Amino acid sequence: MHLMEFPREVILGKNLIQEINNVIKRLKLGSPGLVVYGPITKKIAGSNVEKIVKEEFEVYSITVKEAHINEVERVISKIRDKGIKWAIAVGGGSIIDVTKLASFKMGIPFISFPTTASHDGIASANASIKGLNVKTSIKAKPPIAVIADIDVIKTAPKRYLAAGVGDIVSNITAVRDWKLAHKLKGEYFSEYAASLSLMSAKMVIRDAEIIRLGQDEGIRKVVKALISSGVAMSIAGSSRPASGAEHLFSHALDMLLDKPALHGEQTGIGTIIMAYLHGINWKKIRDTLKIVGAPTTAYELGIDPEIIIEALTIAHTIRPERYTILGKEGITREAAEKAAKITGVI
């Protein structure tokens, strides 16, 4: 059996905080609800969301500091104690991922209200949570609705939108890896999911100059592409259409660094290197990232070149069952250094 789950509603536009109660009514979610935000996203939109929802529904709130299993447990306790029927995540990747996993474990729906367009977790079923004995993302359920308010997303530093582009272009190498696993390992491959994923990447490459401006049109394009990536993963029933060796590289960096860069910044650089290994046009990917203002070198990422090389050599161990261009044995230090140098990453 192949189960596909998607958001029931995706709303993209301006001044959407006013629309939240209509979404809750249309989806018949009832009361009480839970607003989940971070210390910063509370100020950006969380308090406003809470105030609007309170006008028509009973609602509680909780502040989440990081994407850690302890925070997930705190949210679960709140859901249990207050008999919460649904949750709304107001924030970036961490807040959305914590809410996603907590609501999944408690069997309640959640609404995704992103404050940044920095990665494809805003509409996907996957959550990246620290403190578990898994090194990568875990599968939960996608949001029942996504409400992407351009006015809110626009207030985030441009760095976040550029990181979103980094996460989307990584679909190019992810699909290559997936095809490779299909050919060499007989892994299930969905032409439809792969096409949707690649289309998202092609669109942001084509519209990089518009995205660079950080205005409404560019934000709209990135958000649409991120949501399409999430839907592609739902169709595939796995993160395969949007996560390959470049994501393993990013997870390796997360393990090696005390303070990693943004997820999309790391996957963007990973994509340049993996595209080189695949023998495809890595310069086009690098140029796109440069146009939107995303980092393309270790120096711009603020990461020691030595760490880049190490991450490349250990990336294959992160998810041994996920076959990629790195192969089962990984790549040698020499090959890693050569790839990083040729692509100008180090």
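Even glycines carry a Cβ here, placed using N, Cα and C.
Annotated NAD(+) binding site per Swiss-Prot: Gly93, Ser94, Ile95, Ile96, Asp97, Thr115, Thr116, Ala117, Ser118, Ser124, in sequence order, evidence recorded as sequence analysis. The annotation substrate binding site is assigned in Swiss-Prot to Asp120, Asp167, His251 on the grounds of sequence analysis. Swiss-Prot lists Asp167, His247, His263 with the feature Zn(2+) binding site.
Features per Swiss-Prot, on structure.
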residue	record	Cβ contacts under 8 Å, 6 or more apart
Gly93	NAD(+) binding site	Ala67, Thr116, Ser118, His119, Gly121, Ile122, Ser128, His263
Ile95	NAD(+) binding site	Val36, Tyr37, Gly38, Thr41, Val64, Ala89
Asp97	NAD(+) binding site	Ala67, Gly121, Ala127, Ser128, Ile129
Asp120	substrate binding site	Asp167, Ile168, Leu226, Ile227, Ser229, Gly230, Met233, Ala242
His247	Zn(2+) binding site	Thr136, Ser170, Ala174, Ser239, Thr267, Gly270
Binding-site residues compared (Thr116, Ser118) - highest count of Cβ atoms within 10 Å: Ser118
Environment of Asp120, Asp167, His251, the listed substrate site - residues of the same chain whose CB lies within 8 A of the CB centroid: His119, Gly121, Ser128, Ser170, Ala242, Ser243, His247, Ser250, His263, Gly264, Thr267
Shell list (Zn(2+); ref centroid = CB of Asp167, His247, His263; cutoff 8 A): His119, Asp120, Gly166, Ser170, Ser243, Glu246, Ser250, Gly264, Gln266, Thr267
Collapsed DSSP category at Ser118 (NAD(+) binding site): coil
Around the Cβ of Asp167 (substrate binding site), the count of other Cβ atoms that are within 10 Å: 35
